[in-house]
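Heads up, the thing below is written out as C-alpha cells.
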Amino acid sequence: MSSMKFCRRCNNVLYPTEDKENKLLLYACRYCNHEEIADSSIVYRNKIHHSIQRRTRELENVAADPTLPRTKSVRCSQCNHGEAVFFKAPTKGEEGMTLVFVCCNPTCGNRWTD
C-alpha cells in the first residue's frame with residue numbers, strides 16, 4: 001500500500017477491496033466490516049533502487065547492444081576510439097535526463113556524459 005490505513009472504529013489495518021457493482025476501490029476492515037472509499041487508485045508501489053555495482057554490470061555490455069543508437073561524431077577521451085553508443089538516463093539527484101555515451105572499443109568501455 002502507498003501508506004498504511006487504519007480502521008476508525010477498531011484501529012486494525014484496512015485492506016484494499018473492490019465494490020464491483022459501483023466499480024469503486026475501497027479499504028475494508030476484516031474485523032468490524034468498516035469500509036471507506038479510497039482517495040487514490042494506488043494500493044502498492046514498488047520502488048527499485050539498484051546499487052552502483054549492479055548498474056556498472058548492466059552497462060558493461062551496452063556497446064554490443066544492436067538496438068542502441070551509435071555515433072561517430074565523438075571521440076573517447078581514454079582510447080581515442082571514434083564510435084560510441086548513446087542513451088538517455090536519469091540524472092543523479094535531479095529529475096531530468098542526461099545523455100550517456102559508451103565507447104564501442106571492446107577493451108575500453110569508457111562512459112561519459114554530454
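One-based numbering along the chain as shown.
Cβ coordinates are placed from backbone N, Cα and C, and glycine is handled just like the others.
Copied from TrEMBL, the annotated features are:
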BINDING   Cys7, Cys10, Cys29, Cys32  Zn(2+) 1 binding site
ZN_FING   7-32  zinc finger
DOMAIN    72-113  domain 'TFIIS-type'
BINDING   Cys76, Cys79, Cys103, Cys108  Zn(2+) 2 binding site
Env. residues of Zn(2+) 1 site, Cβ within 8 Å of mean position of Cys7, Cys10, Cys29, Cys32 Cβ: Arg8, Arg9, Asn11, Asn12, Leu14, Arg30, Tyr31, Asn33, His34
When you measure from the Cβ of Cys79 (Zn(2+) 2 binding site), which residues in the chain that are at least 6 apart have a Cβ under 8 Å away? Cys103, Asn105, Thr107, Cys108, Asn110
Average model confidence [pLDDT] within the domain 'TFIIS-type' (72-113): 86
Nearest-integer angstrom distance between the alpha carbons (Cα) of Cys7 (Zn(2+) 1 binding site) and Cys76 (Zn(2+) 2 binding site): 60
For the domain 'TFIIS-type' (72-113), what are the DSSP-based totals of helix, strand and coil residues? 0 helix, 17 strand, 25 coil
Which same-chain residues, if any, lie at least 6 apart from Cys10 (Zn(2+) 1 binding site) yet have Cβ under 8 Å of it: Cys29, Tyr31, Cys32, His34
Taking the centroid of the Cβ atoms of Cys76, Cys79, Cys103, Cys108 (Zn(2+) 2 site), which other same-chain residues have Cβ within 8 Å of it? Ser77, Gln78, Asn80, His81, Ala84, Cys104, Asn105, Thr107, Gly109, Asn110
